[in-house]
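The structure appears right after this line, and notes come after that.
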Amino acid sequence: GAAMLRSLGSFLCLWALRLPVAPAGSGAAARGLDVASYRERVRAMFYHAYEHYLESAFPYDELRPLTCDGQDTWGSFSLTLIDALDTLLILGNVSEFQRVVNVLQEGVDFDIDVNASVFETNIRVVGGLLSAHLLSKKAGVEVEAGWPCSGPLLRMAEEAARKLLPAFQTPTGMPYGTVNLLHGVNPGETPVTCTAGIGTFIVEFATLSHLTGDPVFEDVARKALKALWKNRSDIGLVGNHIDVITAKWVAQDAGIGAGVDSYFEYLVKGAILLQDKELMSMFLEYNKAIKNYTKFDDWYLWVQMYKGTVSMPVFQSLEAYWPGLQSLIGDVDNAMRTFLNYYTVWKQFGGLPEFYNIPQGYTVDKREGYPLRPELIESAMYLYRATRDPTLLELGRDAVESIEKISKVDCGFATIKDLRDHRLDNRMESFFLAETVKYLYLLFDPDNFIHNDGSVFDVVTTPYGECVLNAGGFVFNTEAHPIDPAALHCCRKRKEEQWEVEDLMREFYSLKKTKKFTLKRTSDHGEGESPKDPEDAPSEKSGEKRNSKKNSHSLLSCPSQSFNSKLAVLGQVFLDNT
């Protein structure tokens with residue numbers, strides 16, 4: 001209690017000292033938060049950590065900031081460098097981005113006798129390489145003629161992902177958690193995998209399949225997602241760990257946090273990325289069950305997956321991604337209420353403890369640490385885009401102040417071992433540069449290219465026609481690596497999907513009568529294409545009802561001016577003068 005009063009007292013003092021520095025206009029400015037100066041402090045944080053990694057830890061995976069040396073943690077592939085690569089571009093550093101691309105091409109080898117986490121290798125390595133590949137033209141890298149359908153970073157991402165495929169060869173299609181990069185799944189490997197370790201592949205693997213033309217990646221990711229769905233309990237919940245051979249639930253705690261978290265995240269992000277209604281409806285079913293059984297007063301607890309009885313009244317710091325996910329499906333009011341609960345915990349400790357006992361209002365024994373995780377900042381970034389509520393910038397300010405005050409050391413930023421006495425651990429996780437710093441920067445940088453609303457874009461000519469890139473709408477993987485959803489439509493290799501302007505011209509001119517014109521596509525609808533049935537209109541993303549009058553016209557109508565138009569691979573027609 002006394003500690004809380006003290007922190008409240010110091011918070012009030014800080015609050016009284018905040019002087020307006022920006023002209024009163026936006027709410028945040030009126031509350032006296034200088035966004036530009038915080039943005040620069042975040043940039044300085046990045047370089048303090050990044051330069052010490054290069055100096056003291058490279059080529060190891062991670063920096064050990066207390067001893068100024070390095071260690072391999074998740075494999076042996078200079079992980080922090082891969083994870084930080086797209087952050088460099090978001091901060092505007094093209095020259096270092098280009099240098100690192102060359103370093104990685106020369107130096108990273110996946111043919112090594114290392115036991116690697118299938119989940120971590122996918123989100124950090126495959127995700128980081130895919131994102132950097134898709135951003136490399138923007139970063140001024142000389143790209144190959146076939147880009148974005150080919151390129152050195154794409155080949156590396158594919159090579160890393162191929163090393164993970166043996167894990168998916170199980171009777172259920174749910175993958176093992178660990179794979180040896182040289183020998184495949186070790187004999188005697190445990191068949192027990194956490195739910196997130198099964199359901200967190202669709203973003204990276206579908207992107208790989210669309211860019212390379214090899215469907216195997218998307219196929220295994222979908223099969224794993226469906227297997228989890230099939231094994232949900234009668235009340236609609238999934239547990240924490242499952243046996244991938246027998247499909248028996250080993251840990252039957254259901255919640256939104258550790259062990260489950262990114263499965264739900266990838267149903268939503270996969271649905272958005274692939275315009276896939278099935279994935280979204282799976283999530284919305286889960287969402288109902290989660291609200292019914294685990295939600296109490298805008299907190300989420302852990303319950304028994306079959307009975308729905310509370311098993312742990314605990315908030316885990318990893319759960320703080322949930323308000324951001326709710327904002328993605330448009331549930332902003334609920335998101336904001338839960339966010340504010342989580343923010344009170346942050347203010348109590350100057351960080352989020354790994355576990356927080358909700359009824360007691362305090363940390364849980366052995367779980368008092370804060371390894372500089374991004375999740376609450378990530379939610380603030382999403383919610384700030386949605387609401388512009390200045391409270392969200394205040395969390396960003398608190399995060400910068402806390403991390404600098406508690407965790408900054410001469411050689412970087414150290415994991416906080418205990419938020420009560422501020423003891424540190426000799427570790428700086430690669431997600432600090434991949435996610436925490438990136439989301440902080442994006443919170444304070446409203447004009448970043450990542451926030452593009454589609455008003456500017458690049459047109460790229462590929463062997464399969466023209467396609468539009470960098471128009472915004474980036475989907476972040478769970479390691480904060482942004483994937484450009486339009487890129488998935490650049491590399492259609494199958495005959496019926498080659499969108500060639502000449503073919504279309506021929507189609508148009510042969511349509512002398514006013515026949516209905518439908519374009520044959522695979523089941524996913526492009527944005528600009530009207531589905532055959534008005535009920536089919538993808539309502540999740542646009543949220544607007546299609547006008548039923550449209551159906552009286554031909555399904556694809558083009559303006560009557562000369563056809564000097566840009567054709568996006570999505571099937572949208574961009575006119576030169578728009």
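Quick reminder: no glycine exception, Cβ is built from N, Cα and C everywhere.
What TrEMBL annotates here:
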type	residues	note
SIGNAL	1-24	signal peptide
ACT_SITE	GLU120	active site, proton donor
ACT_SITE	ASP261	active site
ACT_SITE	GLU354	active site, proton donor
ACT_SITE	GLU375	active site
BINDING	THR478	Ca(2+) binding site
REGION	520-559	region 'Disordered'
COMPBIAS	521-546	compositional bias 'Basic and acidic residues'
Whole-number Å value for how far GLU354 (active site, proton donor) lies from GLU375 (active site) (Cα to Cα): 11
Those active-site residues listed as GLU120, GLU375, and which of them has the most Cβ atoms within 10 Å of its own Cβ: GLU375
Residues that sit under 8 angstroms from THR478 (Ca(2+) binding site) by C-beta distance, when 6+ apart in the chain: ILE123, GLY127, THR200, VAL203, ASP261, SER262, GLU265, TYR266
Alpha-carbon spacing, GLU354 (active site, proton donor) to GLU120 (active site, proton donor), which is rounded to whole Å: 19
GLU354 (active site, proton donor): tally of other CB atoms within 10 A of its CB: 22
